[in-house]
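If you check TrEMBL, you get these features:
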{"type": "TRANSMEM", "residues": "A:20-44", "note": "transmembrane segment"}
{"type": "TRANSMEM", "residues": "A:254-275", "note": "transmembrane segment"}
{"type": "DOMAIN", "residues": "A:261-374", "note": "domain 'ABC3 transporter permease C-terminal'"}
{"type": "TRANSMEM", "residues": "A:302-329", "note": "transmembrane segment"}
{"type": "TRANSMEM", "residues": "A:349-367", "note": "transmembrane segment"}
Amino acid sequence: MFFLKYILRNLFRHKLRSVLTIVGVAVAVLAFGLLRTLVGLWYAGAEHASDTRLVTRNSISLVFPLPISYLDRIRGVQGVTTVSYGNWFGAYYKEQKNFFANYAIEPRGYLELYPELMLSPKEKNDFFLDRKGCIVGERLAKTYGWKVGDLITLKGTIFPGQWEFVLRGIYHGKEKATEERILLFHWSYLNETLRQTVPRRADQVGYFVVGVKKPELAPEVSMAIDSLFKNSLAETLTETEKAFHMSFVSMTEAIMVAIQIVSYMVIAIIMVVAANTMAMTARERIGEYATLKTLGFKGGHLGWLIFGESVLISVSGGVVGVAATFPAAHWIEVELAQYFPYFSVSSETILLELLAALSVGVVSGIFPTWRGATIRIADGLKRIG
Amino acid sequence: MSEASEPIVRIRNLSKAYRRGTQVIPVLTDINFDIARGEFVALMGPSGSGKSTLLNLIAGIDSADQGSVLVGDVEITRLGESDLARWRAGSVGFIFQFYNLIPVLTAYENVELPLLLTHLSRRERREHVEAVLNVVGLADRMDHYPSQLSGGQQQRVAIARAIVTDPEILVADEPTGDLDRASAEEILQLMDRLVHDFGKTVIMVTHDPRAAEKAHLIRHLEKGELSVT
């Protein structure tokens, strides 16, 4: 109890220094937390992918399409429950900066495979019945102020032209991680238009989404599908949805690794700064430590005093940093929704933030603690006066 | 007085040298002397004569190169770091030139410090602290921080801290060196009282002849060697 009181009083002995150190640790912990969250989000799509969904695409590249005629053959594979398909559409709304994900899909199978896209039965039915109908996620609708019944015109890039859709439903995600910034419309609308304008591009899909009965069947079904189209003009590559997402993520892995390294560097830098502060503090108090030793206190007692102060400063900074993480993440989610539609800080990140703060305290306290605990009394007493 | 009492400190063939690189600087050379129980001894000498080093060796806060220091029945030159710390906590009180109070602790808390190493309860500690603060006349200032006290008052707090564990020996290194004449006189009277009323043995290093006058015995150190006055 006495030691705690002593540590607390020492903590506020140089208020400005302590406050600056606490703020420094807090900012570092905040930056660490936000960078970790960013990295986590990058992998979130893969992590939240379903175990019972497979994606079949052209084995050469996703850029190359597959014939729609594959549909029935894939349906016939044992273990397959539902098959749907789609095309990346790549259009934007009014201006290029208003870009979001949009897909041409086969609606019935698709919504059956993606139950996390929650629509009311009426909206779902209206969407199914209207070939020019589309559905959007709640966040996207909020961004552009769209309401059900609105006419939405997109400018095509891969499929040039003005594409008009009637908004038939606004889905909301079952989970927080469910992407709500997507527009989905009927593949048949795209295909019919292509038949009239660019017939050679008609009757092709970008990918098939395949539902399997059990996750354990995924490898078997994947192999079965791919073997169906072996030696054809468009060989397929079937993989789990998670692997499919990871293939995108791996393209930017170097950037993610760099961000991770930066997040650790931030902590390393504040560790050095905090260690310097603690070393300075301990050096100033060497005379006091010598006095305490003279009175009979041992190195261990002094160790706890110095170490305790170091850890308390860092953990205080850590707590402030963690507390600041939530409003900062919320601000990013609201203000930078276009880039980070979902920016939720995980409990693992919070734990890592606190561990980072603790490790700053522990590491920065080691040298001053050792120095204070091992100081020769006679040398320490010479520093006074 | 000193002739009649048994020695509480016995110093035999004590030597100490400091090393600066390859250079060896002898500070104390073959010191032999006894200090009787209840005696007030002043150690005098020019700067660098080794008087503070001798005091540190008697108090167990520095280690000798040769010889022995026996305090009571304990040969402190043979004790390890941990045992020495325990011995210091219970057997010796320290009074420093610059008081060496902890600035973030009140007078009460500073005096209580050595008692935290004992098994006394909080209530018992309070009784002890209040008693010694009464002895030094600062019971009404117990909640003051060192910065709120004058130099003389701070030194009285330091004396209270030195005697709170009721040690037999008090070592004082220039206890009046940082005080004005009036405060110095008060401190010397207080130390004198500790010797006469409480039977403490006081070993004091001083440059000040007026301070030394209070002692029963003055020892002079010159180039690491001892002479008696």
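Using the three backbone atoms N, Cα and C, a Cβ is placed for every residue, glycine included.
Here the domain 'ABC3 transporter permease C-terminal' (A:261-374) has, by DSSP, the following mix of helix, strand and coil residues: 98 helix, 0 strand, 16 coil.
Note on the transmembrane segment (A:20-44): residues 177, 249, 252, 256, 259-260, 262-264, 266-267, 269-270, 273-274, 277, 313-314, 316-318, 320-322, 324-325, 328-329, 332, 340, 342-346, 348-350, 352-353, 356-357, 360 of its chain, located 6 or more positions outside it, place their CB under 8 angstroms from a CB of the stretch. Mean predicted confidence for the domain 'ABC3 transporter permease C-terminal' (A:261-374): the pLDDT average there is 91.
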